[in-house]
Amino acid sequence: MTAIKLFKHAHVLAPEDLGVQDVLVAANKIVAIGCGLNSQLSASNSDLPIEIIDATGFYLTPGFVDSLVHFIGGGGEGGFASRTPEMQLTDATLGGVTTAIGVLGTDATTRTLTNLLAKAHALESEGITTYCYTGSYQVPCRTLLGSITDDLIIIDKFIGVGEIAISDHRSSQPTLDELRKVAAQARVGGMLAGKAGIVSVHVGAGASLLDPLHHAVAGTELQVRQFYPTHINRNQAVFAAGLRFAEAGGVIDFTTSTTTYDLQHGEVAAAQALAQALAKGIPVSQLTLSSDGNASLPIFSSTGQLLGLEVGKVSSLYQSARSAVMDYQVTLPHAIAAITSSPANVLGLGHKGRIALDKDADIVLINKHNLQIDSVFAKGKLLVKSGKAVVFGTFEHNNR
């Protein structure tokens, strides 16, 4: 496959609307953006082996960044048979996701950080970019090297800690002091390693809502943006608390995987939550979507009894962004920002989430007529063409 690719006549959403442009990719980087690049290249060197891709009629966007995926599965709240399966490469690529962050959830006993890292490396070798959080729901946090700080400094793929659970019957009921120490260790580890050192926070439906995060910051030198709460569309009460958190300067994340049961029992659809937050004046830079892919989506009774389970899907990430545009009148640049530049900035991934010079050549082509994904490129390599996978994971069958 040609290492140099020229996307011609693409409508570029960087995610800002740049209009119709040509985009030149060399190896795994974006090296030029402009008009008439083909003629300029021909004039400078007629022997360059360039693959021309006609992107007329397509939006060209950054590859999507999914900040919460259970690479090795999750769940288990209903016993061993309720453990969800691990994700496969095309679970991400068919949904336009080229960068994903792997996490542990409720179970950090039969699911381990070593297993998570191994799966992250496997997915990376198969074609996408992966990172992980150390820790899980539990506090004190499970780590590999004895502390959050050490894990972030020494282990390249660890960029933060989480997803720490609060306001949830499945959490370890962390104290205020414990939350502060988690954030402090993540902050120092991130600084020393040149990483975001973010604390991903699973927010349940408990009455305390996001109060533990506000209290953790109050009276300390910790910043509200050290915490990155997710599942903020869980119900109206959590959503309202999330808006207050964002108004205080924090970043909030809406979960795109859902069930009919959840929506019927008060969950706010991620697309609707994004639209309402933007309408409240929250900048899109403080709003993100994530899939919670391959997590269990438990259905509990009012007394906490498990009634059933479904599995989160990475593909829901773009489906929700598209729904925000089609159903809730969010502008396409804002919807794309919520799954590209916004999460990339929060996670400290400066080489991701934008169509700009020297950024990684993670590119999605979207049909302008129906907003469906047509092609996906990760680090300059074609993984999806005409809506069908052309690269598969090691143990996937070519029958999707």
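Each Cβ is built from the backbone N, Cα and C atoms, and glycine gets one as well.
Asp292 (active site, proton acceptor): 30 other CB atoms within 10 A of its CB, across all protein chains. Annotation note: Asp292 (active site, proton acceptor) sits in a coil segment as assigned by DSSP. Summarising the annotation, TrEMBL assigns active site, proton acceptor to Asp292.
If you look up TrEMBL, you'll see His70, Asp292 marked as Zn(2+) 1 binding site. DSSP assigns His70 (Zn(2+) 1 binding site) to coil, not to a helix or a strand.
If you look up TrEMBL, you'll see Gly75, Gly76, Glu77, Thr106, Tyr137, Arg170, Arg234, Ser296 marked as substrate binding site. Secondary structure at Arg234 (substrate binding site), as computed by DSSP, is coil.
Less than 8 angstroms from the CB of His202 (Zn(2+) 2 binding site) sit Gly105, Tyr137, Gly162, Glu163, Ile164, Ala165, Ile166, Asp168, Ser171, Thr230, His231, each of them six or more residues away in the same chain. TrEMBL lists His202, His231 with the feature Zn(2+) 2 binding site.
The feature domain 'Amidohydrolase-related' is assigned by TrEMBL to 59-382.
Over all protein chains present, the Cβ of Ser296 (substrate binding site) has 25 other Cβ atoms lying within 10 Å. Reported as a whole number, the C-alpha separation between Glu77 (substrate binding site) and Asp292 (active site, proton acceptor) equals 16 Å.
Across the annotated binding residues for substrate (Gly75, Gly76, Glu77, Thr106, Tyr137, Arg170, Arg234, Ser296), the two most widely spaced Cα atoms sit 20 Å apart. When the alpha carbons of Arg234 (substrate binding site) and Asp292 (active site, proton acceptor) are compared, the span between them is 13 angstrom. For Asp292 (active site, proton acceptor), the nearest of the binding-site residues His70, Gly75, Thr106, Arg170 in terms of C-alpha separation is His70.
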